[in-house]
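Listed in TrEMBL:
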DOMAIN    47-388  domain 'FAD/NAD(P)-binding'
DISULFID  CYS84-CYS89  disulfide bond
BINDING   LYS93, GLY174, THR203, GLY204, SER205, ASP373, MET379, LEU380, ALA381, HIS382  FAD binding site
BINDING   GLY240, ALA241, GLY242, TYR243, ILE244, GLY245, LEU246, GLU247, GLU263, GLY332  NAD(+) binding site
DOMAIN    407-516  domain 'Pyridine nucleotide-disulphide oxidoreductase dimerisation'
ACT_SITE  HIS505  active site, proton acceptor
Amino acid sequence: MALASLVRRKAYLLSRNLSNSPADALKYSFSLSNFSRGFASGSEENDVVVIGGGPGGYVAAIKAAQLGLKTTCIEKRGTLGGTCLNVGCIPSKVVIGHGLYGEMYIKLILALLHSSHMYHEATHSFAGHGVKFSSVEIDLPAMMAQKDKAVSNLTRGIEGLFKKNKVNYVKGYGKFISPSEVSVDTIEGGSTVVKGKNIIIATGSDVKSLPGITIDEKRIVSSTGALALQEVPRKLIVIGAGYIGLEMGSVWGRLGSEVTVVEFAPDIVPSMDAEIRKQFQRSLEKQKMKFMLKTKVVGVDTSGNGVKLTVEPAAGGDQTTLEADVVLVSAGRSPFTAGLGLDKIGVETDKIGRILVNDRFATNVAGVYAIGDVIPGPMLAHKAEEDGVACVEFIAGKHGHVDYDKVPGVVYTHPEVASVGKTEEQVKALGVDYRVGKFPFLANSRAKAIDDAEGIVKILADKETDKILGVHIMAPNAGELIHEAVLAINYDASSEDIARVCHAHPTMSEALKEAAMATYDKPIHI
């Protein structure tokens, strides 16, 4: 069956005409012969300018430089958790952006999730493994210092990559003065103009505000403030049951906060497969996270020492008052395009501020491109990275491709939840006949051996062809396990393809193999 997958993949590539032939390169009329890799001054023209040094921006800048393009990256310095972190720019293309937040959030949340998980394990699980302590306590300043150190080291690594690849880095706030010129107010207090033949907007996203709620980053915080709290709040209310809200709630809940999640919708993480979502919610509830679904916030009172929220059913009804030490507003994110001068050069946006682009990431203005959170598609760091690579490849006369239906998503809690492809609800809506295979980690020998067996693998496949349509995993390391499924879906593999691949024993990944076996035939270990 593996051969069948390769045949299907070849047919897929041919259907997209991704031949990268000399004729194709000529079609895009972008000769690389005139490009140099020198550094740019304000008066020199870059091949590429990237506005924004976040996941999409810095990756686009590095890729552009690797392709021989003179690149500059513009990034406004951000302060997060008391630490200023910066990312550089690449001289052949100019990248304008203030998109560093996404990169910082991911690094910060993973550092804190790991630290909080270690504390939780020490207080709840170690004794069962014969490891006992007379006492365990939280040193929050030390935990935050470790988090800041991890982020600082990683960020300096990106700056090192800029130097290695000869990417020019301009620190400041960039805005368009023409389709080929960006005015930058530098962090040193001066100003400069950066010129580029091609300019990529990679400014990321910002916290979506809610009417009547003012974020002060002390008692009412965004995810930025929640990553820098000076003490563990006794009571934490999270507004919004999406990825970020649940991740932050998980961190502080494991450190001792009483966490209540208020969500307007009837379900948490509405994009998640319903069956997995229900198991995930039960898992979080076992960790003492409380949920108030179908509930809206109608009032906020910060006149006292804490915060009082007035809530009522989403459909209307009796109001209730909730009290908390800290309220986290996590109701989504909005494209960050304010102050870029898009209206001045005529870049078109939709009604919620996303920049409209074609399948080559080009806006309606010649020479201006956009990637990542500022355009339609999943607001995910790795999606922005793929956008950046594909966009630069198109600019360089090559072929780029990102299929948003095959981008994995991960909720970084414990257990993690990861998915790729269609949910069962989406498959049903398409009217496709399908099969479902499942395998619980309670039947996985590695998971049982390490006493961390909560979770399941679920595979959806076309009933006639056995082509995998979606894979959903809830497990301690689901974010790592999902990539075998991502590769399979990208190559149009069948469930039998996965099932017939030898998986090392004992490993958590065997659960994916068993779920694949359950999809097209029968599993062995259940």
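Cβ coordinates come from backbone N, Cα and C, glycine included.
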Restricting the comparison to the binding-site residues GLY240, ILE244, LEU246, which residue's C-alpha is spatially nearest the C-alpha of ALA381 (FAD binding site)?
ILE244
Would you mind checking how many other C-beta atoms are within 10 angstroms of the C-beta on HIS505 (active site, proton acceptor)?
10
Span of GLY240, ALA241, GLY242, TYR243, ILE244, GLY245, LEU246, GLU247, GLU263, GLY332 around NAD(+) - largest C-alpha separation, Å:
15
GLU263 (NAD(+) binding site): which of the recorded positions THR203, MET379, HIS505 is the nearest Cα neighbour?
MET379
If you compare CA-to-CA distances from GLY242 (NAD(+) binding site) to each of the recorded positions THR203, SER205, MET379, HIS505, which comes out shortest?
MET379
At the Cα level, what's the spacing in Å between ILE244 (NAD(+) binding site) and MET379 (FAD binding site), rounded?
11
Work through the binding-site residues one by one (THR203, SER205, GLY240, LEU246, MET379) and name whichever has its CA nearest to the CA of the residue listed as 'active site, proton acceptor'.
LEU246
Mind telling me which of the binding-site residues GLU263, MET379 has the densest Cβ neighbourhood, counting other Cβ atoms within 10 Å?
GLU263
Neighbour count (Cβ, 10 Å) for ALA381 (FAD binding site):
21
Which one of these binding-site residues, THR203, SER205, has the sparsest Cβ neighbourhood, judged by other Cβ atoms within 10 angstroms?
SER205
Sequence gap of 6 or more, Cβ distance under 8 Å: name the residues on the same chain that satisfy this around LEU246 (NAD(+) binding site), in order along the sequence.
VAL238, VAL261, ILE268, VAL269, LEU284, MET289, VAL411, THR413
Under the DSSP assignment, what numbers of helix, strand and coil residues are found in the domain 'Pyridine nucleotide-disulphide oxidoreductase dimerisation' (407-516)?
40 helix, 33 strand, 37 coil
Tertiary neighbours of GLY240 (NAD(+) binding site) (same chain, Cβ under 8 Å, six or more apart):
VAL261, VAL262, GLU263, VAL329, SER330, ALA331, GLY332
With an 8 Å cut-off on Cβ distance to the GLY240, ALA241, GLY242, TYR243, ILE244, GLY245, LEU246, GLU247, GLU263, GLY332 Cβ center, who else from the chain surrounds the NAD(+) site?
VAL238, VAL261, ILE268, VAL269, SER330, ALA331
